[in-house]
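> My questions will all concern the structure given below.
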Amino acid sequence: MKKNQNNEGMYDNKKDEQLEQFRVDNKGEKMTTNQGLRVSDDEHSLKAGDRGPTLMEDFHFREKMTHFDHERIPERVVHARGFGAHGFFQVYEPMAEFTKAKFLQDPSVKTPVFVRFSTVAGSRGSAETVRDVRGFATKFYTEEGNYDLVGNNMPVFFIQDAIKFPDLVHSFKPEPHNEMPQAATAHDTFWDFVANNTESAHTIMWLMSDRAIPRSFRMMEGFGVHTFRFVNELGKARFVKFHWKPVLGIHSLVWDEAQKIAGKDPDFHRRDLWEAIEMGDYPEFELGVQMIEEEDEFNFDFDILDPTKLWPEEIVPVKIIGKMTLDRNQDNVFAETEQVAFHPGHVVPGIDFSNDPLLQGRLFSYTDTQLIRLGGPNFHQIPINRSIAPVHNNQRDGYHQMNIDKGQTSYHKNSLQGNDPQPATEAEGGYAHYQEKVEGRKVRQRSDSFKDHYSQAKLFWNSMTEVERQHIIDAFRFEVGKVKNKGVRQQVVNVFANVDGELAAAIAAGVGAEAPTDVEASTVTLSSPALSQEQSKIKSTATRKVAILAVDGFDNLTVDPLMQSLKKAGIHSEIVSQNVGMITSADGQQQEAVHSFLTSHPVLFDAVYVAGGQTNGDQLKNNQKATEFVKEAFKHFKTIGAAAEGAELLVTAGIQAGSDPGIVIARDAEEVNAFSESFVSAMAEHRHWSRQI
Ligand code: HDD
């Protein structure tokens, strides 16, 4: 049994215990049919003669084949490609002043969680590093029942009302007539939607930014997006927004790199998550809340119920209240990642909803989708979805019923069973909806306060550094440039002229459109540094990956000590060579090359280092693959290091050790220790944007 490795013996993980009864280990066991009958032969179907027809009575063949024929379930209509991990959450201090949620009171309690990260548009088999929003869904298995925080890595959404969700999704999914493109928004129907539904402008700015191409799931923020409510024991409510802040900071790929990784390793993000957990680099996210008093609801220049708006952190600070640690990989991806069923309506006492019309609609959609996806109303009984709080009600039967409910009654009220199970009072933990006073006429309308589509798009633009702005422009040019319909391209430019004139002109220039001169761009001058990844960068190198280029004859004094220093800094280094296998240094030491130039690629590493040694230098500088390796790392603004003769490869690649930023050289083996410090601090910059490419 896999335990939460860093908690062994200390942590009473009720979810893990519950899952254990469902885990099956085939090791050392005899093969059986699903009826438990031992199977004597699994190679041959039962035939009338060894060249004759297969017989109907071959129950083993029929059972095996029937099961296989039914192994697939419908993939999620959105967020189909995802990957999960187990962990736990701990609050830093009691939150009783704000919420009565029990799991947010006691810092010594570790609440088990299961998190599923996902892309939105692509199907289950699509590549992971595509430009897209990332799902960030967390199931807290609390003592009071499951609480699901079903968020994304962007704080705002494309639409304001859930009734438009099917339209949005239809527009970004592959076009129906030819099923193209897969897992991409760079096509006509999506941009046609954007042009005609301008409430999407703010989220589009996020989608065109580096947030849409995260370096890893471990290095992206999460947001509950909607405004929820915290309610305390006294019944006092406050509006709240949820944030996940990655302890490693927010980091992204560069677009060219993201596209190449999609081919070199389409599983890049799940592999990263899986390997990090296996290596003990447990991903950590701090939970933050922004709170607004009910009486301040109308004191902002945006409507706090509008999901296309964020609350700038500089105006409403984020209070960090706890931390989630992901410390155990799942045992079976289908049973856990695929069958987990999230729902924003899974709440616990102390957490309630607001009237955000997007949230209200989501409350319908999630149960409905699980009914078709998981095949019936008992999906809550699937092990990964089971609450650790006991479940008692009068719901009965249905496909795949796993419980054997005892007793004569299955209705409320009854006297035959003393009226059990009985609803609980609030004092006993019964969920009571916040008694918000609501009145109004039935209308199909949206409040005027939702009509400003551009101010926060401009706020986002204002908050970006020059480099980040250039990335946004490049992304627009790529995406809109792939749109075939000229009219749509022009319409998009016209829409973003409402955000910023220079942005619109830059997009227009790249996509063969005209920058409109009669549109008045938003006049918002405010900026929010917290929105910029570059400005809120955390200079941590922990868990990063370095490729060490070395071939037979390398100088081990330029490799072994460096690998040790990198390890101490929490950095993983792996040797890339001509071939996979052992390589021998000039003085007869052996190191293992876990990759060859064929099996790996610089896009899969955060930095590159070229080992020293005359033979190494000579071999590598004449090796085209090695030259391309460092060139590519250079092009993606990564730190590049080299020792002694290894530096000759950089010369061949046209890289200037003296003048190009992020290039670190050790003149000889003696300098390697001092070098490693400079190399690590250069890596902490993550990218050297001032490099001339
Ligand atoms: Fe959704 C899945 C997040 C709006 C309908 N959504 C889904 C998942 C995430 C989100 C992370 C994947 C859960 C998992 O890993 O299994 N969705 C969001 C966020 C939204 C949002 C942050 C806006 C703030 N979603 C939204 C709307 C609707 C849906 C407005 C429909 C009215 N979402 C669904 C769904 C999915 C889903 C169709 C597909 C699979 C599933 O629910 O379980 O019901």
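Even glycines carry a Cβ here, placed using N, Cα and C.
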> According to TrEMBL, Arg116, Phe165, Arg362, Tyr366, Arg373 bind heme; which of Arg72, Arg76, Arg81 is also listed for that site?
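Record check against TrEMBL: heme site with Arg116, Phe165, Arg362, Tyr366, Arg373, extra candidate from Arg72, Arg76, Arg81 is Arg76.
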> Any idea which of the recorded positions His79, Arg116, Arg362, Arg373 has the thinnest Cβ neighbourhood at 10 Å?
Arg373
> Non-local Cβ contacts of Phe165 (heme binding site) (under 8 Å, 6 or more apart, same chain)?
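Correct list: Ile159, Leu358, Gly361, Ser365.
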> Among all protein chains shown, how many Cβ atoms are found within 10 Å of the Cβ of Arg76 (heme binding site), not counting that one?
21
> What three-state secondary structure does DSSP assign to His79 (active site)?
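The three-state answer is coil.
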> Could you give me the DSSP helix, strand and coil counts for the compositional bias 'Basic and acidic residues' (11-30)?
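In the compositional bias 'Basic and acidic residues' (11-30), the DSSP-based counts are 7 helix, 0 strand, 13 coil.
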> State which of the following recorded positions has the fewest other Cβ atoms within 10 Å around its Cβ: Asn152, Tyr366.
Tyr366
> Please report the three-state DSSP label of Arg116 (heme binding site).
strand
> In terms of DSSP three-state secondary structure, what is the assignment for Phe165 (heme binding site)?
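Once the DSSP labels are grouped into three classes, Phe165 (heme binding site) ends up as helix.
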